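Per TrEMBL, the features are:
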- 26-50: transmembrane segment (TRANSMEM)
- 97-116: transmembrane segment (TRANSMEM)
- 122-147: transmembrane segment (TRANSMEM)
- 255-277: transmembrane segment (TRANSMEM)
- 297-322: transmembrane segment (TRANSMEM)
């Protein structure tokens, strides 16, 4: 039997090309997944550095300055330290719940980034129920905190988990009612449609001007959902040592730390999308999206400008959240629940009623 070496080489080269093509397709499939994860990670590191610098400025002290130029690598150094710290487990706790809790908290928040548009057609999943998917997914995070508190077999940790669940329920309802008002105004629950509905009227079409009451309620509720001061009752160190984080160390404590900043970043992005026009920045007499051709597909420069505008608005809200943390004192638990149930809930219901009435009258 005579074998033609030319045919064998052709077959081998064909299979090599096919395998290379499969590898290439797998890599391109993973690029849209890992690119946002890398961007989000860098965004969290920037937030940590900004918080330290801004808090140092408010308190008139020196912030981080040794790890890297201007201390920009301090957050990375802290993360590396937590990664190599010993991972301790409570001897009488439920180790499965103790280990799963931080993962649920981080994963539920990471999934919220699926529906956030960073620019024109720059969104992982443009769903018709985008904003409500975010609310549904983010409501899973307190379950992870409750599991962590219960699995720690520590009364302070368990009380912190219960506080986290109660706080989340109290402020999620006003938050959802504000989002529903925005959906009624935009005739859609898609995040992309909400941004485009605001762009029709330029700067004055932002929902910030059309929904000022809803904006204030959303602002307060989002800070409470992120458990930021003055709403950080689940981890109040004066009463609960550190709440649900008390028994954690190493990378699991780091996951909770990252989850709090991920939640703050996603809340800031949704404030930008829902109330500040997203990637559009049409100032009076100056149509910036038209000038840079942001709304035209295939324009790389326009896409970069759109991302920059979105992040600039996001970090403006982050600056407000950081300064609030170092300005206002912590509330008591009864004051926190009263604010949510007795004030924000009726106000958000009234805002929804006014929005519905105005939409019916405009038909």
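If you go along the chain as it appears here, the first residue is 1 and each next one adds 1.
The backbone N, Cα and C atoms fix where each Cβ goes, glycine too.
Annotations in TrEMBL come from automatic prediction, not curation.
It should be emphasised that the depicted structure is a prediction, and the values quoted were computed from it without experimental measurement.
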Other parts of the chain folded back onto the transmembrane segment (122-147), taken as Cβ under 8 Å at six or more residues beyond its ends: 32, 36, 97, 100-105, 108-109, 111-116, 160-162, 164-165, 167-169, 172, 175-176, 179, 182-183, 188-192, 194, 225, 234, 244, 259, 263, 266, 270, 274, 279, 303, 306-307
Chain residues in Cβ proximity to the transmembrane segment (297-322) (below 8 Å; excluding those fewer than six residues from its ends, i.e. six or more beyond): 43, 47, 50-51, 54-55, 117-122, 219, 223, 226, 228, 264-265, 267-269, 271-272, 276-281, 288-289
